[in-house]
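Worksheet for the structure shown next.
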Amino acid sequence: MKLTCVMIVAVLFLTAWTVVTAEPHSSNVLENLYLKAHHEMENPEASKLNTRDRCQRANFVCDAFHHAAVCCEGVCVLVCAW
């Protein structure tokens, strides 16, 4: 019984904490994401999702520290491998 009460109080506290610390203008955040996506549709060069032209071919030396070195095909295991 006591454990149940403690759990209920903890859940209520965490719910209240989430509501209090939530971002007050969350609709603006979604609007900004929409505007950014719309801009990227108009200007494909601005899109960060278009990384196909920056990928590395097979046998290219890659490591976990160079995030720009993405293998076009396969995975990075010290070198781009199939």
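In case you wondered, yes, glycine gets a Cβ from its N, Cα and C as well.
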Exercise. Quick one: Swiss-Prot says Cys55 makes a disulfide with which of Cys62, Cys72?
Worked result: Cys72
Exercise. Of the residues Cys5, Cys80, which one does Swiss-Prot pair with Cys71 through a disulfide?
Worked result: Cys80
Exercise. What is the number of other Cβ atoms found within 10 Å of the Cβ of Cys62 (disulfide bond)?
Worked result: 20
Seminar exercise, completed: A correct count of other C-beta atoms within 10 Å of the C-beta of Cys80 (disulfide bond) gives 21
Exercise. Here are the disulfide-bonded residues: Cys55, Cys71. Which has the lowest count of other Cβ atoms within 10 Å?
Worked result: Cys55
Seminar exercise, completed: Reading the DSSP string in three states, the entry for Cys80 (disulfide bond) is strand
